Amino acid sequence: GGEGGGAAAAAELEESLEMNSSMAIGFLLVASGMLLSLYLLLQAGFTVVLLLIVALFTLASSHALASLLAPASAALLPARLKTATVSLGPCGEAELATLLVWPLCLALAGTWFLCRRATWAWALQDVLGAAVCATFVRTVQLPSLEVGVQLLGLMFLYDIFMVFLSPLFFHKSVMMSVATAGQPSHTVLADGTCERYDGERMPMLLMIPRGDPSRGDYAMLGLGDIVVPGLLLTFAARCDLSLRGAASPLGYWGAASAGYLAGLSCALAANMYHLTINGVQGQPALLYLVPLTIGPVSLLAYLRGELPRLWSGEALLPATQRSLRPVGAAGGAADEALVSQQLCGFAAAPAPLEGSSHYKPLP
């Protein structure tokens with residue numbers, strides 16, 4: 001059981017992606033390119049692209065949900081099968097635990113795809129969207145507060161430009177045009193009756209009905225407004241774990257979470273009271289979420305005298321399998337247990353600074 005847990009933790013670390021400054025810029029360029037491409041295609045009448053996005057979301061969300069349920073599936077397997085893999089031929093290999101839950105996840109995603117216009121489909125879409133967000137923030141990690149500020153700052157400017165400033169160049173808000181593409185429309189016929197046409201909705205958002213779901217009135221939050229600040233929240237939790245042994249409501253995670261809730265409340269209030277800027281009524285959530293998450297974390301770090309450590313990333317636990325071992329430790333099984341704990345993220349001791357005389361890298 002212990003060997004399986006350590007191997008699973010090591011595999012998860014190998015699959016994680018640590019973002020750097022170049023990747024933050026690349027993230028911005030890819031997001032901008034995709035949004036502008038969608039806008040131009042939709043303006044040219046190629047609404048079939050919405051169906052393609054729906055299909056891609058169905059496949060991606062089923063895979064994300066399977067990866068999240070795989071640990072629960074593995075817990076039910078015998079020890080020798082917990083990390084077993086199955087060859088898929090040209091497609092490579094897949095873990096047995098993931099394959100066991102894959103049919104269920106694909107069935108859920110397929111049900112949403114077939115019934116996505118039903119009044120209850122928003123709940124299933126939220127489950128699938130949350131799985132995509134959770135998988136993203138589990139896979140992508142911020143190595144330092146510096147990279148976090150760079151990424152969130154760039155996406156902050158991106159959101160403002162695409163919502164408020166893009167009408168100066170495209171005569172429409174690019175973000176709002178894409179987000180509302182495929183919304184249901186109504187046409188008054190010659191006999192005076194009203195006919196409703198259900199279009200394709202963008203699936204990359206969480207939806208909650210404001211009243212009767214059949215009216216199509218939903219409060220919506222884009223997945224990007226979750227995963228971008230979510231990277232900072234997971235970074236804050238890792239700092240708490242490294243420096244104090246647990247993510248605490250009174251620590252960096254608590255400060256970031258409180259800021260996120262405050263920012264989300266501001267965005268919802270601005271939409272509720274129809275705040276309009278440059279003729280655009282929609283409110284980019286990152287306009288509020290970015291300063292209200294970075295601000296509290298930075299202020300708390302400054303007050304604690306830990307801002308340099310967070311800024312450089314020294315406050316984090318080691319992010320690779322080359323963990324640290326106390327000099328003079330007994331070694332053997334005890335050391336292997338310590339390494340497994342650190343790989344799983346359960347080690348309470350803070351990561352020592354480079355050059356410390358009390359620790360040395362594992363050979």
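Every residue gets a Cβ built from N, Cα and C, even glycine.
What TrEMBL records for 23-42, 49-76, 96-115, 122-141, 147-170, 218-238, 250-273, 285-303 is transmembrane segment.
The transmembrane segment (49-76) shares more Cβ pairs under 8 Å with 96-115 than with any other stretch in the list 23-42, 96-115, 285-303. For the transmembrane segment (96-115), the residues of the chain that approach it from at least six positions outside its boundaries are 54-55, 58-59, 61-63, 65-67, 69-74, 77, 81-82, 84-86, 121, 124-125, 127-128, judged by C-beta separation under 8 angstroms. Residues 145, 148-149, 152-153, 155-156, 158-160, 221-222, 224-225, 228-229, 232-233, 236, 251-252, 255-256, 258-260, 262-264, 266-267, 270, 309-311 of the same chain lie 6+ residues outside the transmembrane segment (285-303) yet bring a C-beta within less than 8 angstroms of a C-beta in it. Sequence-remote contacts of a segment are chain residues at least 6 beyond its ends whose Cβ falls under 8 Å from one of its Cβ atoms, and for the transmembrane segment (23-42) they are 49-50, 53, 147, 150-151, 154-155, 158, 162, 170, 174-175, 177-178, 181, 224. Long-range contacts of the transmembrane segment (147-170) within the same chain: residues 19-21, 24-25, 27-28, 31-32, 35, 39, 176, 224, 228-229, 231-232, 235, 277-280, 282-287, 290-291, 293-294, 313, each at least 6 residues beyond the stretch ends and with a Cβ under 8 Å from a Cβ of the stretch.
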